[in-house]
Amino acid sequence: MANSDSPEQNENHCSSINSSIPLTPGSLPTLTLSGKIRVTVTFFLFLLSTIFNTSFLLKLQNWTQRKEKRKKLSRMKLLLKHLTLANLLETLIVMPLDGMWNITVQWYAGELLCKVLSYLKLFSMYAPAFMMVVISLDRSLAITKPLAVKSNSKLGQFMIGLAWLLSSIFAGPQLYIFGMIHLADDSGQTEGFSQCVTHCSFPQWWHQAFYNFFTFSCLFIIPLLIMVICNAKIIFTLTRVLHQDPHKLQLNQSKNNIPRARLRTLKMTVAFATSFTVCWTPYYVLGIWYWFDPDMVNRVSDPVNHFFFLFAFLNPCFNPLIYGYFSL
């Protein structure tokens, strides 16, 4: 049993894998036709996402230049700016890394970059997920407790800073668990095949299972639940107010009618949650399946595997289209 191995046995096992496993023809991954298609699509989405997110940032910059010099970005535009930066970070790190890694198949960049890029990859995945949570929370508070939000002008900045901070902290373990392994060729040389993996970083199998579940929860389950709850609260509040006074949609004690901008941002947050769910669900379904059944790799065809993973790259492409349509 894997979970009964002692640390000494585990270390010896890792040592043998790191130096003496012979390479046999057909036992190592290669760049297949479906892999080449994945690489092509990945770099195409990379160009689209870079153009879309950069264009939105430039549009925000032009918008601020037309306003008074000392006038700050509105609360919503500040949130969208940081979400765009997070999406751009994910685009510039995750997509090229995935594309190049699929081309080279093995890892040539050394131990240090193995750890650093693994950290940056997860950091750039946490950031946009947490920023969408911040936007959902902010919009929910703006609709359900508008007076409290107006009286606390620093709340949005605090949540933005917290999102970036948590992203950097939660990605920290990547610096420890990722490392290089070297498989030996027939002559005993360890230059045969190198890979950047988490192999033998966890003393027990359930440690890795727990870490994977924690990452999955923070990247997908918890953000999705928060977005759903926030949108449900917004819809419930608007519906209740509408039933109280069909002619005047008033929020709590406010004398002003609900501006169209708030209804527009409600639609935008719903669109965010929908895009997040559609783009990331196939990716995580495949990942969870693999956690419980590692042999599924041999049963799921290569094209299906690549197709599911490509879905995740659509999210940073869709987000700028969504907030570009609803906000500017």
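Cβ atoms are placed via backbone N, Cα and C, with glycine included.
Noted from Swiss-Prot: Cys114 is disulfide-bonded to Cys196, selected from Cys196, Cys200. The topological domains that Swiss-Prot gives for Gly35 and Ala142 carry different names, which places them on opposite sides of the membrane. What Swiss-Prot records as N-linked glycosylation site, among Asn18, Asn62, is residue Asn18. As annotated in Swiss-Prot, N-linked glycosylation site applies, among Asn102, Asn252, to Asn102. Stretch with the most C-beta contacts under 8 angstroms to the transmembrane segment (78-97), considering only 39-58, 213-232, 282-300, 307-326: 39-58.
Listed by sequence, the residues of this chain that lie at least six past the ends of the transmembrane segment (282-300) yet keep a Cβ under 8 A from its Cβ atoms are 209, 212, 216, 220, 307-309, 311-312. Cα spacing between Asn102 (N-linked glycosylation site) and Cys196 (disulfide bond): 13 Å, rounded to the nearest whole number. The secondary structure of Cys196 (disulfide bond), as reduced to three states from DSSP, is extended strand.
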